Amino acid sequence: MTRDDDTQRHRPATRLAHAGRWPREQHGFVNPPVYHGSTVTFPDVETMLSGRQRYVYGRRGNPTAAGLESALTELEGAAGTVLVPSGLAAVSTALLSCLSAGDHLLMIDTAYHPTRHLCDTTLKRYGIETSYFDPLVGEGIAALIRPETKAVYLEAPGSLTFEMPDIPAIAAAAKARGLTLLMDNTWATPLFFRPLEHGIDLSIAAGTKYLVGHSDVMMGTVSASAAAWPALKATHGNLGLCAGPDDIYLALRGLRTMGVRLARHQESALAVAAWLADRPEVARVLHPGLAGDPGHAIWARDFAGACGLFSFVTRKAPLDAVKAMLDGLELFGLGYSWGGFESLAIVSDPRTTRSATTWTDEGHLIRLHIGLEDTDDLIADLAAGLERFSAVQ
Ligand SMILES: *Cc1c(COP(=O)(O)O)cnc(C)c1O
């Protein structure tokens, strides 16, 4: 493809295969070369002073980065994309691009915990106040907007607990007041939800998860609407952020298979979730893709799919029962990340990371990432784990 092709006429699977690479400009090779470099030279003083040379210094971009930025900009339907060294750096860069001292931020109560911590410490120190809202607030968000409110931050579904906010209702109320909308879209990826089409200005992702997809690289991305892009680009430049070329190359490689991987993650996770929902050791399953989940109708209306990440709550039991279940799993690693090819589990207590809502479930919350293993093998591993859980009563 050339840079001039009308890529928006292609469907997502086609874009994943072709976006962000230009074989005719790279001696016919299918993938972009990995440019290692700080110094970029100019042919003469005239060019150096003109500002016309596309690449001028390593930190300010190179053709490897341009490939990934361009592919994500296309997938998100954005005005531009910046790359940063982690998902949390994507969160901080996006927030710093639209907030100033004296501003108030409305943050969803179910945000990724390090995002909350950033708001309650560093942003607070710079004079930005954050208050938290119930993910189910809907158009009620309007009543929480103050004169100094500048932005609303969403994450969907909720971190750990998978509540589904009504994004169009919140976006409409926030837009009516001229606020900037940010969303952490790591769970859905632009294949299952395109934030900018729903009124979001800054679409944030931990590329560490499904974009990279192989648990071997840290990466963050922010894609912006035309209105939010100039401030995002300037903030990214001022903070001196850039991602390493080898990491970008691996993210581009991950992008090519993200569609087929996500289809499998989705199918396997729904199968495991439905199986868990029927088990006597399980009080409830938290997965908006399951019919009967409180967020299912909103998910089905707004999202095109679900990934491999969901939680379940056990019936009331001592922590030793959870230890017996999780410590003995053969195929699930105990680890905080997700989005790679392998299955993972964590145990977590949502009570410690909520302030606008309360968590009253008495069982333990276990979050699973369903990887690309055979689903029957994963279910057998979990079945043995639930037997060990029951044995501890
Ligand atoms: C992992 C994660 C992040 C942070 O990404 P890192 O690359 O680990 O910094 C942000 N948001 C969500 C929803 C995540 O799962």
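A Cβ is built for glycine as well, from the same backbone N, Cα and C atoms used for every other residue.
Predicted automatically and left uncurated, TrEMBL annotations should be read as such.
What TrEMBL annotates here:
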{"type": "MOD_RES", "residues": "K209", "note": "N6-(pyridoxal phosphate)lysine"}
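Listed in sequence order, the residues of the same chain lying 6 or more apart from the residue listed as 'N6-(pyridoxal phosphate)lysine' and placing their CB within less than 8 Å of its CB are G87, T186, S337, W338, G339, G340. DSSP assigns K209 (N6-(pyridoxal phosphate)lysine) to coil in the three-state reduction, placing it in neither a helix nor a strand.
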